[in-house]
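The structure under discussion is supplied below as structure tokens; questions concerning it will follow.
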Amino acid sequence: QGRILEKTGLCSQITFGRYVRQGRKLGLDPKLFIQDLQFNEVPVRVYQPKATSDGPRRGILFFHGGGWVFGSLDTYEKVCRYLSRESDSVVVSVQYRLAPEHKYPAAYEDCLNATQHFLQHLEHYGVDPARVIVCGDSAGGNLAAAVSQTLAGRSDLPKLRAQILIYPGLQALDFNLPSYQQNRGVPLLFRERAAFFALLYLNGDALHMQEVLEGSHIPPDLRLKYRKWVSPDNIPEEFKVRGVKPLRPTDFIAEVYETVKRFCEPNLCPLLAEDSVVHQLPESFILTCEYDVLRDDGLLYKKRLEDNGVRVTWYHLEDGFHGIISLYDYCGFSFPSGKRGLDSVVNFIKSL
């Protein structure tokens, strides 16, 4: 699939994909003040409820999904308006730089810089420093987890109150976990696409996609080291009933590892962070979907957080598929289970 995209001229495909996903410009919202600003030179859109408030509000930093390649402030306009209105919170949607033009760590750095700026100027937006949340879906969930880990050890900024990870992608070691096997051909995210996007974000190209899918990109000693965190053994049995094949280990290819070794950095793959970082993380909300290749990334991180004494609220959409939240009221589409997922997020926010 990646090779087909390259043959047809990758960038034209991506430009077209971005155009299709743009989302329509929405009119004014009677309940919200909405303004486009820059935080530390990163474009953001700030949503503030118009109603008067008894005291400072919660603040939510929102990082959109789209495989680090697609997505914009406009694509997630309806989702951010909904979150701001329904939870009576100030929402900051971050327009981080996209791959392949801007490779890792550009997106992560933009999200971190925008978050730091917001944390330094909370009173200007009427936000309670004790109730700031990072939130993201898919690639945005990856960025939220990475930013949360980075800020966990900082004493010079207000501590994050919570992280909300909506079907996040959290590792690129194993593309053969049970959820990858079971949902390899389920839209909106096929197994090949998951590896393709991760490589595009890392290197700006999808060379070696086949080797990465097979698992020959990670040295045996590292695979063993990370096995305690990234392993089908850590997935509850009820998620294996749809079938899992044990796979023969593939031969390690050193030159492929040379091009992708940054997959072992927690800022790129937050599931690989050390326990000393994980146990400092704030209260967490994780949403997973049954029919999603990334389901097990969320389940594995849930276990890591719980093992480290972090409080986790987990919401599983039995009938959900990857990307269902971003389809909330999208061009007239709406999936009841996407609305349920979004409302579970709102209810969690309101509990903080």
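All positions are counted from 1 along the displayed chain.
From the backbone N, Cα and C atoms, a Cβ is placed for every residue, glycine too.
Unlike curated records, TrEMBL annotations are generated automatically.
Since we're looking at a predicted model, the values are computed, not measured.
As listed in TrEMBL for this protein:
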type     : residues : note
ACT_SITE : Ser138   : active site
ACT_SITE : Asp292   : active site
ACT_SITE : His322   : active site
DOMAIN   : 60-207   : domain 'Alpha/beta hydrolase fold-3'
DOMAIN   : 251-325  : domain 'Alpha/beta hydrolase fold-3'
Between His322 (active site) and Asp292 (active site), what is the CA-CA distance rounded to a whole number of Å?
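Approximately 5 Å lies between the Cα of His322 (active site) and that of Asp292 (active site).
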Over the span of the domain 'Alpha/beta hydrolase fold-3' (251-325), count residues by DSSP class, listing helix, strand and coil in order.
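Here the numbers are 31 helix, 19 strand, 25 coil.
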DSSP on the domain 'Alpha/beta hydrolase fold-3' (60-207): how many residues come out helix, how many strand, how many coil?
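For that range the per-state counts are 62 helix, 25 strand, 61 coil.
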Mind giving me a neighbour count for His322 (active site)? Other Cβ atoms within 10 Å of its Cβ, every protein chain shown.
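If we count other Cβ atoms within 10 Å of His322 (active site), we arrive at 27.
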Go through Ser138, Asp292, the listed active-site residues, and name the one with the sparsest Cβ surroundings, counting other Cβ atoms within 10 Å.
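It is Asp292 that, of the active-site residues Ser138, Asp292, has the fewest other Cβ atoms within 10 Å.
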